[in-house]
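First up is the structure itself, then whatever we jot down about it.
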């Protein structure tokens with residue numbers, strides 16, 4: 001009873017495994033590794049199911065049918081066994097080999113069901129169990145399968161020595177093949193002697209195939225556990241590389257920002273201060289990590305367009321002429337052109353381009369109104385305006401913090417986003 005329960009449990013396990021593998025075959029661009037594994041374990045599941053049924057009290061005609069079904073699953077190994085092994089080891093094989101093994105298996109299985117050349121339509125009692133009467137031809141085919149398995153065993157060992165697979169533990173496979181060969185041989189000897197060679201195991205060949213399926217399932221699943229372990233390790237290494245790359249990228253952006261600030265002797269450190277103010281606003285707004293990263297880059301590069309403004313205009317102490325103001329108003333346009341040449345800066349183009357827009361539509365370069373202006377650009381506008389007011393300029397003195405706050409209140413909802421201004425003033429009053 002316990003043996004039957006174990007057999008059914010293993011049948012169910014292999015059946016579900018085979019269904020899962022066939023599903024993966026269709027989901028992974030028809031990867032034949034999953035197809036052959038699915039067919040192999042499906043044959044094993046059919047073998048175990050028929051073995052389970054034959055240990056129950058069923059009619060003689062059913063015993064004959066399920067005996068034939070069992071050997072059909074076994075003879076299917078002529079095709080699916082080598083394909084499964086070679087696909088696991090990534091060992092190449094020819095189309096001719098695949099075609100011949102498939103045709104041979106199909107012919108044997110057809111003759112098995114269509115004729116009594118292999119199994120007679122009557123039963124005999126052997127070791128306390130009723131079994132269908134098998135012919136010498138059936139045992140000859142089983143013997144061929146054993147020889148086929150021996151050859152595959154030799155081929156696997158040779159391949160393993162010449163090119164050791166890194167993603168699979170072949171030791172359970174080798175143990176399973178050896179046990180299947182030994183117990184298959186014992187079964188043939190016992191049949192010809194008409195006595196069970198091992199009384200505790202009335203069907204040695206069934207036991208051998210059963211053990212073969214278990215060891216191959218172990219090897220197949222361990223293959224993917226090794227792959228997943230390596231993937232986890234690779235993922236950690238990639239994440240570390242990305243972190244280092246992001247750090248280097250940010251340092252590069254900061255270097256550009258410092259270079260730009262150095263161009264204007266009155267605004268040294270401006271970009272970093274704008275960054276500091278903007279990130280505090282972002283925290284209050286609970287922006288996502290991705291938005292914060294974009295905001296960080298945009299803050300550091302928001303004035304990159306000033307590289308096209310002559311130093312004489314940037315540092316002029318008097319009032320700018322209309323022509324000189326055109327240089328100033330064109331710097332967001334130039335910034336977009338410069339950053340647009342670098343793929344990594346594509347997400348911040350509109351942010352940098354729009355940071356001088358006003359919520360009342362009187363800003364530049366497009367004259368956009370409130371919601372048409374990106375949120376991150378509106379944040380930068382508030383931070384940029386405050387730092388500009390509290391910094392020395394060639395044409396005026398720096399405002400005090402209190403004066404700058406009053407000016408922010410005056411221009412909110414016209415020049416600047418009122419909600420962001422209120423949040424920023426709250427931040428300033430708590431520091």
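The backbone N, Cα and C atoms fix where each Cβ goes, glycine too.
Any TrEMBL annotation is an automated prediction that lacks curation.
Since the structure is predicted, the reported quantities are computational estimates derived from the model, not experimental observations.
What TrEMBL says about this protein:
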- 245-431: domain 'HD-GYP' (DOMAIN)
- 267-389: domain 'HD' (DOMAIN)
- 6-26: transmembrane segment (TRANSMEM)
- 33-53: transmembrane segment (TRANSMEM)
- 65-85: transmembrane segment (TRANSMEM)
- 97-119: transmembrane segment (TRANSMEM)
- 139-160: transmembrane segment (TRANSMEM)
- 172-193: transmembrane segment (TRANSMEM)
- 205-227: transmembrane segment (TRANSMEM)
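Between the transmembrane segment (139-160) and the stretches 6-26, 33-53, 65-85, 97-119, the greatest number of Cβ pairs separated by less than 8 Å involves 65-85. At the 8 Å Cβ cutoff, the transmembrane segment (33-53) and the transmembrane segment (6-26) share at least 3 close pairs (sequence separation 6 or more) and count as touching. With a threshold of 8 Å between CB atoms, the same-chain residues lying at least 6 positions outside the transmembrane segment (6-26) that come near it are 32, 34-35, 37-42, 44-45, 48-49, 51-52, 55, 210, 213-214, 217.
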